[in-house]
Amino acid sequence: MATSSYFLISALLALVASQVIASDPSSLQDFCVADLHSPDDFFKAANLDKPRDTMKSKVGSNVTLINVMQLPGLNTLGISLARIDYAPLGENPPHTHPRATEILTVLEGTLYVGFVTSNPNNTLFAKVLNKGDVFVFPGRLIHFQFNPIHDKPVVAIAALSSQNPGAITIANAVFGSKPPISDDVLAKAFQVEKGTIDRLQAQFWENNHY
C-alpha cells in the first residue's frame, strides 16, 4: 500500500511539474518595473509612425523593436512590439525568436511570408499578405518576410509573446559567428566546397535590428 501511495504521489507531482514547465508562471504582482530610475515606466515616444531607413541594410529591412530594454514597464508582462520597414525587394531574412511566438499585420504594401516546421518534415507554410492581413509565426520556428514588389516599400507591425523575444538570423549565426565555425563542418553540412564556405564567411553579416 505504501509503495502504491508513493507512486501515486510521484505521478501527481510529475503532472503538476509538467504543467508548470509548459507555460510562463503567473505574475505575483500587478507589474514589476525593470528600471527603478526610468522617468516613465509605461510610456515611450517611439515615433513608430515614422518611416525607418532601410537603405543602410544589405537585406533591405529595418526592425525597430520595443522590448523591456526600451520600455521597463514590460518586465514580466510577456509581450513586446516591433515595427518592420521593408525596402522594395527587401526582406527580413530567415530567423527565429528563441523565446516568442510572433503575430504580424501588414500596414502598407505586400509581403511574402512563411515559416518552416521542424525535422523531419520541414514543411513550408507560406502566404502572400496584403494590407490588413495577419499571419502567425509559431515560436522558435524559422520564418521570413519578403517584399516582392520592386517599386513600393512595405510597413508591418509585429507583436511577440515575450518581453525579450531575442532573434537568431540563420545566415548570421552560421556564417558570421565569432570565432567562425570550421569550414570543414559547414562544407559537410551544406554539401558544398570549402571555398564556397570561405567566401560566405568572409562577408560582413550585419544585423537589421536597430
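Just so you know, glycine gets a Cβ as well, placed from its N, Cα and C.
The oxalate binding site annotation in TrEMBL covers Asn92, His97, Glu102. Here TrEMBL flags His95, His97, Glu102, His143 as Mn(2+) binding site. As annotated by TrEMBL, domain 'Cupin type-1' applies to 46-198. According to TrEMBL, the signal peptide annotation covers 1-22.
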Distance [Cα-Cα, Å, rounded] between His95 (Mn(2+) binding site) and Glu102 (oxalate binding site):
12
Give the distance between the Cα atoms of Asn92 (oxalate binding site) and His143 (Mn(2+) binding site), rounded to the nearest whole Å.
9
Rounded to the nearest Å - Cα separation of Glu102 (oxalate binding site) and His143 (Mn(2+) binding site):
10
In whole Å, how far does the CA atom of His97 (oxalate binding site) lie from that of His143 (Mn(2+) binding site)?
9
